[in-house]
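Q: OK, Swiss-Prot features for this one:
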type	residues	note
BINDING	C14, C17, C38	Zn(2+) 1 binding site
BINDING	C33, H35, C50, D53	Zn(2+) 2 binding site
REGION	89-173	region 'HEPN-N'
REGION	174-326	region 'ROQ'
REGION	327-396	region 'HEPN-C'
REGION	505-542	region 'Disordered'
REGION	1000-1019	region 'Disordered'
COMPBIAS	1007-1016	compositional bias 'Pro residues'
REGION	1058-1078	region 'Disordered'
COMPBIAS	1058-1070	compositional bias 'Polar residues'
REGION	1094-1133	region 'Disordered'
COMPBIAS	1096-1110	compositional bias 'Low complexity'
COMPBIAS	1119-1133	compositional bias 'Polar residues'
Amino acid sequence: MPVQAPQWTDFLSCPICTQTFDETIRKPISLGCGHTVCKMCLNKLHRKACPFDQTTINTDIELLPVNSALLQLVGAQVPEQQPITLCSGVEDTKHYEEAKKCVEELALYLKPLSSARGVGLNSTTQSVLSRPMQRKLVTLVHCQLVEEEGRIRAMRAARSLGERTVTELILQHQNPQQLSSNLWAAVRARGCQFLGPAMQEEALKLVLLALEDGSALSRKVLVLFVVQRLEPRFPQASKTSIGHVVQLLYRASCFKVTKRDEDSSLMQLKEEFRTYEALRREHDSQIVQIAMEAGLRIAPDQWSSLLYGDQSHKSHMQSIIDKLQTPASFAQSVQELTIALQRTGDPANLNRLRPHLELLANIDPSPDAPPPTWEQLENGLVAVRTVVHGLVDYIQNHSKKGADQQQPPQHSKYKTYMCRDMKQRGGCPRGASCTFAHSQEELEKFRKMNKRLVPRRPLSASLGQLNEVGLPSAAILPDEGAVDLPSRKPPALPNGIVSTGNTVTQLIPRGTDPSYDSSLKPGKIDHLSSSAPGSPPDLLESVPKSISALPVNPHSIPPRGPADLPPMPVTKPLQMVPRGSQLYPAQQTDVYYQDPRGAAPPFEPAPYQQGMYYTPPPQCVSRFVRPPPSAPEPAPPYLDHYPPYLQERVVNSQYGTQPQQYPPIYPSHYDGRRVYPAPSYTREEIFRESPIPIEIPPAAVPSYVPESRERYQQIESYYPVAPHPTQIRPSYLREPPYSRLPPPPQPHPSLDELHRRRKEIMAQLEERKVISPPPFAPSPTLPPTFHPEEFLDEDLKVAGKYKGNDYSQYSPWSCDTIGSYIGTKDAKPKDVVAAGSVEMMNVESKGMRDQRLDLQRRAAETSDDDLIPFGDRPTVSRFGAISRTSKTIYQGAGPMQAMAPQGAPTKSINISDYSPYGTHGGWGASPYSPHQNIPSQGHFSERERISMSEVASHGKPLPSAEREQLRLELQQLNHQISQQTQLRGLEAVSNRLVLQREANTLAGQSQPPPPPPPKWPGMISSEQLSLELHQVEREIGKRTRELSMENQCSLDMKSKLNTSKQAENGQPEPQNKVPAEDLTLTFSDVPNGSALTQENISLLSNKTSSLNLSEDPEGGGDNNDSQRSGVTPSSAP
């Protein structure tokens, strides 16, 4: 029975007794069949036949010469000249001796593999020959030259060695970088395609799945089947690419094709290819054949990497290559080598090998070939010795790749463990190709190299994780290259931004939700650049969990994070706005950062930072500018970035204490907590935000809406009037459907004029801007560090100028009322009742704030996102631009108009909760023109009070006289606006006019002036709006008359009535919204400017029902207007 042949690497031991050959008892005797056995085992054979292939041994064993080549490899003494009796003459003997000498010399290249038991193979003794060359050389060494069959085998082995040598030389002259590209180019040139190891394997398995049962399918059906199955895992799969894979199999003749008349042919898989192994082998064979046709010579290990992505299929590929070899392939390879040498100049003079190679190529490899003569044998072996020597010489002296050319690419485990074969057996059959270490020195060398590579890997991994979280790696990695991971110590903010400390996440959104708002997800900060000053990387790096509680929830009400977030110790508001910081892409989403205001000096004017991008005060802050995500505009850096609102709240609304760290960081979305430069909201939005009429500069810049804005980028033409630092602060790009994007202001010219008047009034108020702390006694007002001078017209510039950190921290929505209004996402008119009485607002500021939050949430939940002029999807969080809880820390934007969002009833709110917004209500209007900006309560400067006059509803009322005058003016403006609104209502008879009015009213909601017609929330149809407009117009006529009568009433009464009326109006149908005028009046009347909570609103509505009736002409008209504008008036208690 045949014995299993040993591994070719065990050529130094007897395959029968497994003992190493020696020169005494176990002399190696080679048989004509190519097997070598020790003489002792041969003598014990029962039959004179090879124990492995049963070939008969015709020659006397004693006459067979010892294989001296193997003896020299085992270190044994080679016997001197052995008598050869099998040679017919002296000449033959001479040829024999020369041939044997050639074999012995070639065998020396096997010395590194010479011992399976201890000679050892290490990095210095590894053979320069490749594994295929060594294997072919072993075959040659085992040939018995005295036997005729042995000589035939020796010639074939010599030819094979010569052919492999040519291939090796061609490989040495190839550019490995171009090898794969040349291969796939050749494959594509034949209408085929390789999709990569994993995808190609799946595609082939699916083809087999469809056809293994013998079914016949058309090519189209087969391709569709494969594509549909591949799509879940490989979305890039296409009919074209899969069709090319099928073409590859078709080219390989794997299908039995049945043609049909006037119909597509049917393809049936041939029976021999209905297993994956057979199909894959034919597939691989076809690719190898294409490569050979293209003149490419690729090593088996390279094939394994290309087709399988590993090194475990080298033998498989080698067998395919061998089968594809033809007698003509050798001569063709010689020609290709000649061409390659001409291209390189042949520095090693390899052309001298050409005659020898041609001689070897002319050897007939067929088994039926006649046996060679002794002379032919000698010539053939001399030629193969010459070409192998030439190859070794070239590899050692001229090759750039050297002996390691076949080594697979290094990876993390490459040669970091000892080779098992080397340890156990003292030698490794894989030689230089082994991926394990063969010596301790080699092991230590690669382990050290691996350690150097490790740090980079974790970084990329951490970046990948951050990306998964939604943080762009650019935002994560600042120019400094520091990666700020939550676990890592937050590095100082780049570009002069001071990190507030690990406890406060600088990038925390103002939203209450600790989790990043999906819209705010860092991943959405696509435009943030690592180099952007105040780039999120550092800011993001340490996001305290407490801060995380201040997640960038665009919709969520600002978290009452102050408690959660320790006040940031930032003296200066962090400058989160990069100079050209991509952090604040034009499409900046509101990046919510903690408002570490408490730590920062309250209202410290934020000087424009060098890196900060400041837009002219009148212009909308770049933050609102929404450049294409690809080119995020650096938001105007507010020196006082919105101080983390958390700190504001933590500081008990001591604005001064909380630096405005992130104003620029907060992008387009208006957060109740951030102060935005008077955003160019649709006036409706502004009206909604605060009853106080606010001049809203026409939106010159696309709204700042972050990602959600991105959808509306072109629509976003709104820019805050003054780029308040807070307004500017880019926030994480949000896509919150409710991102607070004021609808583009579309007020009629008259309304614009009214708004301008309001702005003037607000400017005056701001000049006086000593806003007594909002009635929210409970919350200590942070002393505003605002400089009254700076707050005036500079408000537009406030973002950069406001030294009062609080202002910079204030966001238009920063005020409690406003915050809640904003929190309600423009607190919907329904939800928000215009605060008519300042006292009520003050008294119930907290409770109302909570109610406002509820209202805001509801409003946000309502499908009417009136503020969003861009479409059904609201840009502002459904909970309000600033929906926040009393604890939410709001960073006051720079001196921004402090206005109570009309929907936000002012409650006695802990300013600490809204620390940035002393008068929450008034500040909520901060989105308005900076003139209306209101310093934090308790810290309001006179200017603040002035702004509070209008913001009176937002903050403490100005001195009664001034207040009343301002109120009168505001009321007049409101009446005018309402009248204009009525006129518009008449014009709105047509649906288009109605829609425009609605947009205006929406805009008006955000500001006292009649809002431009913003897009109505998708909830309200144009027909409904038109009907409402007609009704409103009728009511307006009535109320106008009533108002004229009521105008006679004292201004105080009017303000109170307006407030109460707004409170009631805030209750009206969502469609009915308080006109901007009413809102402004109510806000001016309402000291805190904060919207009443629903309960307070209900109470106010009940109490003021009679007042409303009397003031309905005015308030009702306004309400109707506001309804048209889509804003619900909010009443301040």
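Count begins at 1; order follows the chain as displayed.
Glycine is no exception: its Cβ is also placed from the backbone N, Cα and C atoms.
Distances, neighbours, how buried they are, the whole picture for these features please.
A: In the three-state DSSP assignment, the secondary structure recorded for C14 (Zn(2+) 1 binding site) is coil.
Around the Cβ of C33 (Zn(2+) 2 binding site), 20 further Cβ atoms fall within 10 Å across all displayed protein chains.
Counting residues of the region 'HEPN-C' (327-396) by DSSP class, helix then strand then coil, yields 53 helix, 0 strand, 17 coil.
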Q: DSSP on the region 'HEPN-N' (89-173): how many residues come out helix, how many strand, how many coil?
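A: Across the region 'HEPN-N' (89-173), DSSP assigns the residues as follows: 60 helix, 0 strand, 25 coil.
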Q: Could you pull the average pLDDT for the region 'HEPN-C' (327-396)?
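A: Per the prediction, mean pLDDT sits at 88 for the region 'HEPN-C' (327-396).
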Q: Using the Cβ center of C33, H35, C50, D53 as the Zn(2+) 2 site position, which other residues in that chain lie within 8 Å, going by their Cβ?
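A: So the additional residues around the site are L31, G32, G34, P51, F52, Q54, T55.
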Q: Quick check: with C14, C17, C38 left out, which same-chain residues have Cβ atoms within 8 Å of the centroid of the Zn(2+) 1 site Cβ atoms?
A: S13, P15, I16, T18, Q19, F21, R26, V37, M40, C41
Q: Using a 10 Å cut-off on CB atoms, tell me which of the binding-site residues C14, C17, C38, C50 is the least crowded.
A: C17
Q: When you measure from the Cβ of D53 (Zn(2+) 2 binding site), how many other Cβ atoms are you left with inside 10 Å?
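A: The answer is 13.
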Q: How long is the line from the C-alpha of H35 (Zn(2+) 2 binding site) to the C-alpha of C14 (Zn(2+) 1 binding site), rounded to the nearest angstrom?
A: 10
Q: If you compare CA-to-CA distances from C14 (Zn(2+) 1 binding site) to each of the binding-site residues C33, C50, D53, which comes out shortest?
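A: The smallest Cα gap between C14 (Zn(2+) 1 binding site) and any of the binding-site residues is with C50.
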Q: Between C33 (Zn(2+) 2 binding site) and C17 (Zn(2+) 1 binding site), what C-alpha distance do you get in Å?
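A: With the alpha carbons as reference points, the distance is 19 Å.
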